[in-house]
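Novice: Before we start, here is the structure in question, set down as structure tokens.
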Amino acid sequence: MSGVPIIRGAGELAALIGDWRAEGATIGVVPTMGALHEGHLSLVRAAQGECDRVIVTLFVNPRQFNNPEDFAKYPRTEDADAAILAPLAVDALFVPDAAEVYPPGHATVVSVGGIDTLLEGAHRPGHFDGVATVVALLLNLTRADRAYFGEKDWQQLQVVRQMVADLRMPVRIVACPSVRAEDGVALSSRNQRLSPDARRRAAAIPQALTAAARAIEGGAAPEPVLEDARATLRDAGLGPLDYLELRDALSLAEPRPGHEARLLVAVWLDGVRLIDNVPVCLVS
Ligand SMILES: Nc1ncnc2c1ncn2[C@@H]1O[C@H](COP(=O)(O)OP(=O)(O)OP(=O)(O)O)[C@@H](O)[C@H]1O
Ligand SMILES: CC(C)(CO)[C@@H](O)C(=O)[O-]
Ligand code: BAL
């Protein structure tokens with residue numbers, strides 16, 4: 001079995017993309033930071049179902065990390081990532097280094113106003129500027145027709161959607177459902193950093209979220225329900241809790257009756273910061 005073609009340079013990538021374009025191929029891109037798991041592979045499969053050519057990008061983007069320790073400890077497993085992709089016959093794995101993505105003189109930041117200051121943005125200053133900038137770069141470098149993102153990073157998905165809409169970028173953003181382990185924990189690269197005991201305790205996150213979502217959809221007043229959910233996390237030994245909030249699904253502002261909402265959480269567990277979210281239907 002031949003491995004996935006690995007490309008490291010933007011020039012090499014441009015030549016390959018040009019060949020694909022010449023053959024009239026539709027191009028799908030799955031941007032990642034590596035440490036691939038079934039959640040990423042669900043995006044790859046979605047792309048392969050809709051696009052002629054699929055490229056996975058692997059770049060641990062320094063500009064979206066506000067915490068140097070988080071960046072330093074982020075898992076880097078390129079060989080394993082290439083191996084997990086090989087059976088899927090992905091057309092290319094683009095693995096640039098920081099100098100390739102941000103060459104000397106790079107001076108542009110893409111900033112999506114409003115949503116980037118809420119929740120994740122409030123706790124990770126500059127994070128979404130880093131995300132928006134690198135996603136814009138990756139979309140331009142791959143000339144993708146469709147780009148695939150997970151609902152696991154719900155706020156990121158809304159930021160990318162806003163950027164693409166505002167800049168009239170010629171790419172369709174495709175949202176893919178969160179893939180979860182049997183105990184409901186959302187698959188995430190950072191889960192690798194959890195001890196076995198901490199990983200078991202992480203199950204309190206989906207438990208708290210789904211119980212709260214059901215209660216609110218059943219007509220319960222949100223705030224007491226949210227307090228119970230926060231207590232569930234505390235009782236499971238998770239914390240500090242950055243946020244556990246019910247928000248409008250698109251604006252991430254206060255929920256609006258009759259509109260889709262999202263229940264979002266960011267909580268620390270033994271020094272690892274985990275996020276998750278679930279839909280809450282407020283439409284009567
Ligand atoms: N469990 C999942 N289900 C669906 N999509 C996912 C899942 N985990 C990650 N993704 C998506 O894969 C893409 C790459 O995410 P990334 O490489 O940051 O992995 P990650 O699992 O989110 O890691 P971490 O959250 O620890 O940074 C993003 O669009 C993300 O939303
Ligand atoms: C979209 C992304 C690859 C940009 O670095 C990253 O934020 C991620 O993996 O979710
Ligand atoms: N998928 C999450 C990206 C980050 O934490 O920077």
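The first residue you see is number 1, and the count goes up from there.
Using N, Cα and C of the backbone, Cβ positions are placed for all residues, glycine too.
Taken from TrEMBL, the feature active site, proton donor covers H40. According to TrEMBL, the feature ATP binding site maps to 33-40, 150-153, V179, 187-190. As annotated by TrEMBL, beta-alanine binding site applies to Q64. Per TrEMBL, the feature (R)-pantoate binding site maps to Q64, Q156.
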Novice: Could you tell me which of the recorded positions G39, H40, Q64, S189 have their C-beta within a distance under 6 angstroms of some atom of ligand 1?
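Specialist: Only G39, H40, S189 meet the Cβ criterion.
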Novice: Look at the recorded positions H40, Q156, V179, S189 and tell me which residue has the greatest number of other C-beta atoms within 10 angstroms of its C-beta.
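Specialist: Ranked by Cβ atoms within 10 Å, first place goes to H40.
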Novice: What does DSSP call V179 (ATP binding site) in the simple three-state scheme?
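Specialist: DSSP assigns V179 (ATP binding site) to coil.
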Novice: Under 6 Å from ligand 2 by Cβ, which recorded positions from M33, H40, E151?
Specialist: M33
Novice: Filtering L36, Q64, E151, S189 (binding-site residues) by proximity to ligand 3: which pass a Cβ cutoff of under 6 Å to any of its atoms?
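Specialist: The qualifying binding-site residues are Q64.
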Novice: Using Cβ-Cβ distances, find the residues under 8 Å from Q64 (beta-alanine binding site) that belong to the same chain and are at least 6 apart in sequence, listing them in sequence order.
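Specialist: Expected: R124, G126, H127, F128, G130, V131, V134.
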Novice: Do you know which of the binding-site residues M33, L36 has the most other C-beta atoms within 10 angstroms of its C-beta?
Specialist: L36
Novice: Compute the C-alpha separation of Q156 ((R)-pantoate binding site) from M33 (ATP binding site), stating it in Å without decimals.
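Specialist: Cα to Cα, Q156 ((R)-pantoate binding site) and M33 (ATP binding site) are separated by 14 Å.
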Novice: Give me the Cα-Cα distance between the residue listed as 'active site, proton donor' and M33 (ATP binding site), rounded to a whole Å.
Specialist: 10
